[in-house]
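A short worksheet on the structure shown next.
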Amino acid sequence: MVWSWVAMASRWGPLVGLAPRCLWLLGAVLLMDASARPANHSSTRERAANREENEILPPDHLNGVKLEMDGHLNRGFHQEVFLGKDLGGFEEDVEPRRSRRKLMVIFSKVDVNTDRKISAKEMQRWIMEKTAEHFQEAMEESKTHFRAVDPDGDGHVSWDEYKVKFLASKGHSEKEVADAIRLNEELKVDEETQEVLENLKDRWYQADSPPADLLLTEEEFLSFLHPEHSRGMLRFMVKEIVRDLGEAGSSLAGAPGPGDQRQGPGIAGKSGKVLREPQPGCGLIRSRLTDQDGDKQLSLPEFVSLPVGTVENQQGQDIDDNWVKDRKKEFEELIDSNHDGIVTAEELESYMDPMNEYNALNEAKQMIAVADENQNHHLEPEEVLKYSEFFTGSKLVDYARSVHEEF
C-alpha cells in the first residue's frame, strides 16, 4: 500500500509543480490582453460632454414654475413648493419612520401658530419661502455656469464666446469653432443644432437688457438660463410656450415691449404638428401649446388639445383622458382668472410667475383641498401623512399610527 502511494506521488508530482506556473502564465496572458485592448473612454467623454451641455443650456424644467418649457404641466410642482431644498429627500427606499418624522418637522414649520393645523395663509407663506429657495439655488448655479463661459473673466459673455462653448459641448473642436468665428467662416453643423442655435440667439437678444450690445452680464445670463427671474424674460418664455409651431408670427405675447425691438433670427417650426413626446432638450425647438386660430389668446379646447389619431391603444386613450382632465382643471381653476373661457397673455404670464403671491394663495388652497378630508379648510397631521405622496412624491405607510409616534 505504501509503495502504491509512493508510485502515485511520483506520477503526479511533476503536474503539481506545474500548477503554479500555469496559473502565473494564465494571469500574464489576461494582463497582456487587458493592456492590449484599447480603453473605452468614449462613454466617459460622452458623459462629460452631456454634463457641460446641460450646464450652459437653459433648462427645460424650472423648479417652482407651473409649466415646462414644452407646455406640459409641471407634475412635480406641488412637491417643489412644499419641500424646497429638501426635494428628493423622500425616496421610497428611505426608512419610513425617518421620512414620516421629517414630514412632521416640515408640518410644524408651516404651522406657525402651533395649533396643529395649516391654514391657507400659512401654506401661502411657506410656498413663497420654498420658491425663494429654488430662486437662490438657481442663482448659485448660474454663477458657476457663468464662469464656465466667461474664459477671460471680464464679467461679460459675448454671444460668440457662448456659441464656442455650446458647440464644444456638442463635440466640435473648441479651437476650430473659435477660429471659424474669428475668420467669419461658415460653421458646418447639423440642422437640429442650427435650429437650437437660432433659438438660443433669439433668447440671448431678449436677455440682453438695453442698450443692446450682445454682451450678457452675470445678472443677464441668469435671466437667459432662468427666465422666471426676469419680468421681460418671463414674458418671452410665455411667448415661446404658446407660439404656433407653423406660424412664427402667431404668438400670445402680442406686440414687443420696450427693449424688444431687436432684430433676431426667426424661430419658425418646420410644421404645425404638435408632437406627443418631445425629445431631450427640445424645449428650445418645439412648443406644446398652440394658438390655433391666431387670435393671440387661448381657449379651453386649444389648451387641452392633443394631436388627432395618435392614440394607439386603451392605455394611450387613458393618458389622453387624464391629460385633458388635468389641463381643464388647471385652465378653469387657476389660469383663467376672470373665468371668461379665454386665457390672455397677461393671465398666462401671471400664472407662470412663481413669485406671484396671489397665485401662491390659490395654490395653497388647492393643496389643502386635496387632503382636507374633514372639510375644515385646514390641513391636519393625519391628512398630510395620509396624502404624503402628493406632498413629497413618496407614499408613507401606517400614517394614522405614525401621527402618535411623531408627536
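From the backbone N, Cα and C atoms, a Cβ is placed for every residue, glycine too.
Of the residues GLU347, GLU349, Swiss-Prot places GLU347 in the same Ca(2+) 4 site as ASP336, ASN338, ASP340. Reported as a whole number, the C-alpha separation between HIS378 (Ca(2+) 5 binding site) and HIS156 (Ca(2+) 2 binding site) equals 49 Å.
Annotated pair ASN374 (Ca(2+) 5 binding site) and ASP111 (Ca(2+) 1 binding site), C-alpha to C-alpha distance, rounded: 18 Å. The closest partner of ASN113 (Ca(2+) 1 binding site) among the binding-site residues, by CA position, is ASP372; the full candidate set was HIS156, GLU161, ASP372. Across the structure, ASP154 (Ca(2+) 2 binding site) and GLU122 (Ca(2+) 1 binding site) are spaced 44 Å apart at their Cα atoms. Same-chain residues at least 6 positions away in sequence with a Cβ under 8 Å from that of GLU122 (Ca(2+) 1 binding site) are, in sequence order, VAL110, ASP111, VAL112, ASN113. Across the structure, ASP152 (Ca(2+) 2 binding site) and LYS117 (Ca(2+) 1 binding site) place their CA atoms 54 angstrom apart. Excluding ASP111, ASN113, ASP115, LYS117, GLU122 themselves, the residues of that chain whose CB lies within 8 A of the CB mean position for the Ca(2+) 1 site are, in sequence, VAL110, VAL112, THR114, ARG116, ILE118, SER119, HIS378.
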